[in-house]
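A.B. asks: The structure is given below, and queries will be raised subsequently.
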Amino acid sequence: MDLIYIPEDLSSCPKFGNKSCPPTNRSFRVRMIMYLFMTGAMVITIFGNLVIIISISHFKQLHSPTNFLILSMATTDFLLGFVIMPYSMVRSVESCWYFGDSFCKFHASFDMMLSLTSIFHLCSIAIDRFYAVCDPLHYTTTMTVSMIKRLLAFCWAAPALFSFGLVLSEANVSGMQSYEILVACFNFCALTFNKFWGTILFTTCFFTPGSIMVGIYGKIFIVSRRHARALSDMPANTKGAVGKNLSKKKDRKAAKTLGIVMGVFLACWLPCFLAVLIDPYLDYSTPIIVLDLLVWLGYFNSTCNPLIHGFFYPWFRKALQFIVSGKIFRSNSDTANLFPEAH
């Protein structure tokens, strides 16, 4: 999600001429290093999430409610890497927007939409894991295909309506005279918020769902510990039978992994959303380099997700081998066993 630094003194703005770019003080070497680093993050984001999308879509063994939510979230991360990050990279390195005002509004709207969509997906995944671990007897009747479809529709539609409605109406910059002058003078494109909408965005779109996720995973952790303790107290000859009803090890492991995904998300996006909340009350005095770093820290979350899957999910590594080796193109490859340890 884009942020903006608005200088207090805009009297020097006209000397650049209307819709010009202020000169950058970054050397060629610094710009090349920035391009290399950002391009690397972008490539990992695009291809890593593409592997997740292909794997869950192709292999029937991965067709589960949780994985369909993960597939949709990977699509969000893929779009961020493919559509948003390239243009943000040029803007961050060159300190200028070369792509026009109309595309600027689309870019800002789509950027915010994807950020919020990720949050909503994580909330949905947390709910799914809650029922799987804490109420397994009712999981299959609660998290049905129709329920997953409704969750996915909400995860995409609500952020889209909110983001595009807010940016296109320009309600987020209402009353910000400095912003209007800056846009008139420079080839400039960044998403910023006045005090009202900055507070609304942080409270309703980050703090509230973030608190819900933390609460749900806290409950999952407590229940998992209780199950593990109960299993350890069982006689050896009854552990196997009781374990199937008391707790599913795979579900607990999945909940733990997705909890790590949630933790990384909060760590990456919390500083950015705090800037959205606080910067308007500081008269937008946060240096532009700091805001750029916060934005790219948020983007980096989409880079981390496939790396987390690769580290914690054996099926991801197995599916990657199928894709890289070309075995995925063989007949009946969609029925391949990605969990050999389960047999």
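Numbers run from 1 along the shown chain.
Glycine residues also receive a Cβ, built from the backbone N, Cα and C atoms like all the rest.
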A.B. asks: Which of the listed positions, N25, N301, does Swiss-Prot note as N-linked glycosylation site?
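C.D. replies: Looking at Swiss-Prot, the N-linked glycosylation site feature maps to N25.
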A.B. asks: Which residue among N18, N172 does Swiss-Prot mark as N-linked glycosylation site?
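C.D. replies: Out of N18, N172, Swiss-Prot attaches the N-linked glycosylation site annotation to N18.
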A.B. asks: Which of C13, C21, C185, C189 is the other half of the disulfide bond that Swiss-Prot records for C104?
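C.D. replies: Disulfide partner per Swiss-Prot record: C189.
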A.B. asks: Same side of the membrane for M34 and K256, as recorded in Swiss-Prot?
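C.D. replies: Taking the topological domain names from Swiss-Prot at face value, M34 sits across the membrane from K256.
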A.B. asks: Considering only the recorded stretches 151-168, 199-223, 258-278, 288-308, state which has the highest number of Cβ pairs under 8 Å to the transmembrane segment (36-56).
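C.D. replies: Comparing 151-168, 199-223, 258-278, 288-308 against the transmembrane segment (36-56), the winner is 288-308.
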A.B. asks: Taking only the residues in the topological domain 'Cytoplasmic' (224-257), give me the average pLDDT of this model.
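C.D. replies: 62, rounded to a whole number.
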A.B. asks: Distance check, please: Cα of C104 (disulfide bond) against Cα of N25 (N-linked glycosylation site), rounded to an integer number of angstrom.
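C.D. replies: So the alpha carbons of C104 (disulfide bond) and N25 (N-linked glycosylation site) sit roughly 24 Å from each other.
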A.B. asks: Here the disulfide-bonded residues are C21, C104, C189; which one has the lowest number of other Cβ atoms no more than 10 Å from its Cβ?
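C.D. replies: It is C21 that, of the disulfide-bonded residues C21, C104, C189, has the fewest other Cβ atoms within 10 Å.
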